[in-house]
Amino acid sequence: MTNIRKTHPLVKIINNSLVDLPAPSSLSAWWNFGSLLGVCLAVQILTGLFLAMHYTSDTATAFNSVTHICRDVNYGWLIRYLHANGASMFFICLYLHVGRGMYYGSYTYSETWNVGIILLFAVMATAFMGYVLPWGQMSFWGATVITNLLSAIPYIGTDLVQWIWGGFSVDKATLTRFFAFHFLLPFIVTALVMVHLLFLHETGSNNPTGIPSDSDMIPFHPYYTIKDMLGFLIMLAALSTLVLFSPDLLGDPDNYIPANPLNTPPHIKPEWYFLFAYAILRSIPNKLGGVLALVLSILILAIIPLLHTSKQRSMMFRPLSQCLFWLLVAVLFTLTWIGGQPVEYPFIIIGQTASVLYFLIILVFMPLTSLIENHLMKW
């Protein structure tokens, strides 16, 4: 009798991706974040679907519909806070996943890496548009400030901004289209995830040593399915704790004030996961320069494979590069902190220093350090 798992056209695909997939035997917990991102995406789509059943994308009723969800819908408060804090968990896993890729040299799988960068941009766009939907003060002013950045594009900027707004300011048309795109994008993200996995399974997984592991592979199931499930439990426990004990910890109190175009909040800032990029944007006094720096702060990931000068793939056996990597992490934490501070002394100069360091470490120090390490190893 033939095994349906290996013969059925649909089941065969799942089998080759999750059951009989050969995986390196040395994968550490840093390889858990891919599957955790899958769980985050599933949670977000599911909770988002239920929220969309009760939400109305109209400036007159959007804020009240969110209040209605929290007060009157059965477990609406739970669904809403799972969705809001689920986004935070999504970005924690995303940044750790990208960091893992940088540390262990996974970016040498260039197709997988490039699809990953597109995924990062798509998830960021989705999160930004989702933040606008509750139509609180920070929703409205965040949308106004961030979309207004496009006016820095020469010649077409102003027309482009008005085209996105659907008028001369952020208003009903903007909210409606943001809701439409916020609903659509996660499904595009899901399709991109499939492409990401397709490219990954063409090459097989990297491992902590960065050395080809073709001679030492184990089946994905049961070894890594069990390991992934432990990751799911830990993450869902952390998310549940956040949602049930302090659901507003990562949010902004200003968003509990209905949007008012006549009253600007004292400090306009995005959610915590965009603060590092926001700090880089603010550290350049010129508008166009700031916008370019903002885009390049993420797009710089695309040239990391070209800057790989080391003879070794992973940083596991490269202590100098490790020091630089953790310095980069410290710089990113500093930028995140600065992004949430007012634009005044000493925060301005700290932000500018950290922004310069961020680009210098990636573009100059890391490639040079790799060359020095090659020389020390007499390669």
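Any Cβ shown, glycine's included, is placed from N, Cα and C.
Per Swiss-Prot, the features are as follows:
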- 33-53: transmembrane segment (TRANSMEM)
- 77-98: transmembrane segment (TRANSMEM)
- H83, H182: heme b b562 binding site (BINDING)
- H97, H196: heme b b566 binding site (BINDING)
- 113-133: transmembrane segment (TRANSMEM)
- 178-198: transmembrane segment (TRANSMEM)
- H201: ubiquinone binding site (BINDING)
- 226-246: transmembrane segment (TRANSMEM)
- 288-308: transmembrane segment (TRANSMEM)
- 320-340: transmembrane segment (TRANSMEM)
- 347-367: transmembrane segment (TRANSMEM)
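Structure with Swiss-Prot features highlighted.
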residue	record	Cβ within 10 Å
H83	heme b b562 binding site	21
H97	heme b b566 binding site	20
H182	heme b b562 binding site	21
H196	heme b b566 binding site	21
H201	ubiquinone binding site	13
Rounded Cα distance, in Å, between H196 (heme b b566 binding site) and H182 (heme b b562 binding site) is 21
If one takes Cβ-Cβ under 8 Å and requires six or more residues beyond its ends, the residues near the transmembrane segment (77-98) are 30, 33-34, 36-37, 40-41, 43-44, 47-48, 50-51, 66, 69-71, 116, 120, 123, 127, 130, 235, 238-239, 242-243, 247, 250-251, 271-273, 301
* Asked: Are the transmembrane segment (33-53) and the transmembrane segment (226-246) close enough that 3 or more Cβ pairs fall under 8 Å, when only pairs 6 or more apart in sequence count?
  -> yes
Of the listed stretches 33-53, 320-340, 347-367, the one with the highest count of C-beta pairs below 8 angstroms to the transmembrane segment (288-308) is 347-367
Integer Å value for the Cα distance linking H83 (heme b b562 binding site) with the residue listed as 'ubiquinone binding site' is 30
Expressed in Å to no decimal places, the gap between the Cα atoms of H97 (heme b b566 binding site) and H182 (heme b b562 binding site) is 23
H201 (ubiquinone binding site) and H182 (heme b b562 binding site), compared by Cα position, are separated in whole Å by 29
